[in-house]
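Participant: Take a look at the following structure, please.
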Amino acid sequence: MKSLKHFRKFSTFLDSAKNTHQVPVKLVTSKQRKFDPIPLPHRTISEPKGQDLDFVNVAHSHLIHSDWTKLENLASGLTSLRVKHILLKIQKDYVLSLEFFKWVELKNPNSNTLENRSIVLHVLTKCKKFKSAESILRKLLESGSVDFHAKLFEAILLSYRMCDSSPRVFDSLFKCYAHLKKCRNATDTFCSMKQYGFVPTVESCNAFMSSLLSLDRIDIALAFYKEMLRSRISPNVYTFNMVMSAFCKSGKLEKAVEVLREMENISLKPTAVSYNTLIAGHCNRDLLSVAMKLKTMMEKNGVHPDNVTYNALIHGLCKEGKIREANKLFSEMKRTGVAPNVVTYNTLINAYSQVGNSEMGSRLFEEMANNGLKADILTYNALILGLCKEGKTKKAAFLVKELDKANLIPNSSTFSALISGQCARRNPDRAFQLYKSMVRGGFHPNKPTLTLLVSTFIKTEDYDGAMEVLKEMLARSITPDLGMLTEICRVFLRCGREGAIIKLLQEIEARRLMPEGFDKTTAISSTERR
């Protein structure tokens, strides 16, 4: 076999790429580009003789007459050779081929060798029965050993001419690897296909790019896109949308916009997904003015904004505290007939809660219910947080009871909001009880929640409570806040509890949780001077 050296360059490159700048303009020289595909191998098979021939003829007769009862009597005589020749005789009938294949799987699965499975794959893909082929491939690939994948490609390759097959058989293999997120195997298959003059369909390439993006292999997805172009695989709208998404995720927004222009240059009409990808990308980078211009461009080009468009813009505005502008878009959304969804309401309710306007949050909650939308835990958490920020802990507790009626389970954010409410009312004991309930429920408090608890105990001059929470932080390997630790040292020194401070600092140091900028030596020497 001719060396796969050139194609393995791309394969190795996919594994090692760190950023898109590493993608070479040309992976091959002009000389290499003119290579001739390796001729497909042709495996000759010996015709069955004697008892094997008799068995094949009799079984074939039973099959074409759908006499499965008589075929049952032959099950004990199945061998891989006999199964292969039967499959070759009936290969023009994909229904019968698949039925026989499944029957052999039940009666004598060892007779269905890799070669015989390849024959069935050829039959199915040639007849464009790709779902059935992928079903067989999935079972094969999910159970295969490390070296199995090379053997499978070789088995398909060697039986290709024997079955007068279609290139779609290799495309199905590549696509199946892509769907299973077996990126290394997909890459190897892509390279091997090209060696024999085959290229996958754009749909299969899209499946591979989608898997790479879902695995956050952004740079590799962009590298593969360039290889698609070099292989003269024409991208479609879905391809371009994924390329824009990859550029947006990697922060290369200008390149993402260039892709949109590329689409227009080749007369491909961008879809709502195309514009939404760019709008979300710019909103995530706080470039709201550009995002709004993209929405305007979208409308001018006859593409109507949908709830994904509005949700991205409303979220971006709320993140920057521009709730009035967000509310204007919300009104426009409803006016133009785009129905807000749970995400829209949650974003606005959370924004109003963050600024302490629980009344507006409650109005939106009612509107949401009137529109037939079911609130989720994020909705309730946002409402609870808003009430707790205003110290309305009784109303917040009532909402927590409502969770059970709504078949929702409180999570760590629910408890954190309730704890913050009790802290706002300077009730650290009740807040600490909620913290204990949170831990019993299997939830993990974060650093801001514990820091708030310590701070509240200090404000109420309950220094033992503050110390207890601080020890909880250390037990969870959370580094104390610098300002908080400084304050604790100060108040404990003022109370004459130098020993407790020395012991605390020694424990923090032993756990390697000392906050950056805190000078332990200075703190201890200060206590000794007292």
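Quick reminder: no glycine exception, Cβ is built from N, Cα and C everywhere.
Below are the features listed in TrEMBL for this protein:
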- 166-200: repeat 'PPR' (REPEAT)
- 201-235: repeat 'PPR' (REPEAT)
- 236-270: repeat 'PPR' (REPEAT)
- 271-305: repeat 'PPR' (REPEAT)
- 306-340: repeat 'PPR' (REPEAT)
- 341-375: repeat 'PPR' (REPEAT)
- 376-410: repeat 'PPR' (REPEAT)
- 411-445: repeat 'PPR' (REPEAT)
- 446-480: repeat 'PPR' (REPEAT)
Participant: Just to be sure I understand, if DSSP states are collapsed into helix, strand and coil, how many residues of the repeat 'PPR' (341-375) fall in each?
Facilitator: 26 helix, 0 strand, 9 coil
Participant: Going along the chain, which residues at least six beyond the ends of the repeat 'PPR' (446-480) come within the CB cut-off of under 8 Å?
Facilitator: 412, 415-416, 419-420, 423, 426, 428-429, 431-432, 435, 487-488, 491-492, 495, 497, 500, 504, 507-508, 511, 513-515
Participant: Counting each residue once, how many in the repeat 'PPR' (271-305) are helix, strand and coil under DSSP?
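Facilitator: For that range the per-state counts are 26 helix, 0 strand, 9 coil.
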